[in-house]
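Chemist: The structure that follows is given in the form of structure tokens.
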Amino acid sequence: MQYSRVFLIVMDSVGIGEQPDAPKFNDAGANTLGHIAERVAGFSLPNLQKLGLGNIAPLKNVEPVAAPMAHYGKMQEISMGKDTTTGHWEIMGLHVSTPFNTYPDGFPQELISEFEQRIGRKVLGNKVASGTDILDELGEEHMKTGAVIVYTSADSVFQVAAHEEIVPLEELYHICEVARELTLRDEFAVTRVIARPFLGQPGNFSRTANRHDYSVKPFAPTVMNRLQDAGLSSIAIGKISDIYAEEGVTQSIRTKDNMDGVDQILGTMKQSFTGLSFVNLVDFDAKFGHRRDPEGYGQALMEFDARIPELLEALQENDLLVITADHGNDPVHHGSDHTREYVPLLAYHKGIQAGQHLGIRETFADLGATIADNFGVTAPVIGKSFLNRL
């Protein structure tokens, strides 16, 4: 075992340039980090720059460095999707060869009718929408009628929004459990049901931190399952536990936002364990990518960058820190959907003198294979370990 603890940070949606197959996903020219760097005045990421972020691809104001503190490269997604679930499942060794069902015209009336009958409330919306736009459009009507807001996106999701003072949280969660049950049927299949509670008044609604995801279980064991089976820790922070439907999770820690996510992974660095601590920093995607807000996205990246020294300081000699992403979400791209991009790969431990180029990894699963290799557990079916290059 080269490292007794691996800390994995997924910067949700922080892509680093279009993949060769991007045109098939209508994403030619997408470059999340590159376009943010170009658009945001005063943008700089000095700590990620020292780790080698600017050595991976050209980024304005994030120049390459002669001796990066981390090994660096980028990873390509091979699965047939560009959503959170697909990206995370591939990281942990699964190849999603069939795209998940999406509902560009809303959900079938048969599903909605049964859903309404089961929950005892009517449905508003039932269409593709941005989470903030649909609250502006239907939030007031929801408050007057008590009907829940149902919407989807370009991803395979069934989202239910409700005001916490109109529909109590426990009822909303029960409503989503009903939706999860119904959407496990092949004819209505979705990957995730998401509870989207909000507060506020018309014209000033805001989503709360009480979001809850109900994901389908991975179709095969992931590297996290292998760690758990071997008696090792597999700590899931933020929405990680939801993404894997609690499979292969030995401890689950909820988070409120990106900075809380950093606080929580720092907290696990103070724990004594052998295994993986895995966090998803969702704000980049949820608050800024989908809303096409490059300034907000850039600010969030700079806030995360400012926390890097704390993370490096908290690591022990035999710890490995990996920073990556799960897909892109270019905030200057057309539409409001994720984008098909390479993701950055930074791997740091205290023994590195000068980071080496890890190349373009052929699949996100190379990361899962590396973690499996380190802990001596069964390797995933796809992915090549780069442990010997660290």
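Using N, Cα and C of the backbone, Cβ positions are placed for all residues, glycine too.
Residues or ranges marked as Mn(2+) 1 binding site by Swiss-Prot on the basis of sequence analysis: Asp12, Asp326, His327. Sequence annotations record features per position, and here Swiss-Prot assigns Mn(2+) 2 binding site to Asp285, His290, His338.
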Chemist: Distance between His338 (Mn(2+) 2 binding site) and Asp12 (Mn(2+) 1 binding site) at the Cα atoms, whole Å?
Modeler: 10
Chemist: Long-range neighbours only, meaning 6 or more apart in sequence with Cβ under 8 Å: which ones does Asp285 (Mn(2+) 2 binding site) have?
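Modeler: In sequence order, the residues whose Cβ lies under 8 Å from that of Asp285 (Mn(2+) 2 binding site) (at least 6 apart) are Asp12, Ser13, Thr84, Asn329, His338.
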Chemist: For Mn(2+) 2, what surrounds Asp285, His290, His338 with a Cβ no more than 8 Å from their Cβ centroid?
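Modeler: Everything else in range on the chain: Asp12, Ser13, Ala286, Gly289, His327, Asn329, Ser336, Asp337.
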Chemist: Among the binding-site residues His290, His327, His338, which residue has the fewest other Cβ atoms within 10 Å of its own Cβ?
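Modeler: Lowest Cβ count within 10 Å among the binding-site residues (His290, His327, His338) is His290.
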Chemist: I'd like to know which of these binding-site residues, Asp12, Asp326, is least surrounded, judged by other CB atoms within 10 A.
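Modeler: The binding-site residues Asp12, Asp326 were compared, and Asp12 has the fewest Cβ atoms within 10 Å.
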Chemist: Between Asp326 (Mn(2+) 1 binding site) and His290 (Mn(2+) 2 binding site), what is the CA-CA distance rounded to a whole number of Å?
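Modeler: With the alpha carbons as reference points, the distance is 15 Å.
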Chemist: Would you identify the secondary structure of Asp12 (Mn(2+) 1 binding site) according to DSSP, in three states?
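Modeler: In three-state terms, Asp12 (Mn(2+) 1 binding site) counts as coil.
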Chemist: Measuring Cα to Cα, how many Å separate His290 (Mn(2+) 2 binding site) from His327 (Mn(2+) 1 binding site)?
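Modeler: Approximately 13 Å lies between the Cα of His290 (Mn(2+) 2 binding site) and that of His327 (Mn(2+) 1 binding site).
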Chemist: Near the Mn(2+) 1 site, what residues other than Asp12, Asp326, His327 in the same chain have a C-beta no further than 8 Å from the centroid of the listed C-beta atoms?
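Modeler: Filtered neighbour residues, in order: Val10, Met11, Ser13, Val14, Gly15, Thr84, Gly87, His88, Asn280, Asp285, Ala325, Gly328, Asn329, His338, Val343.
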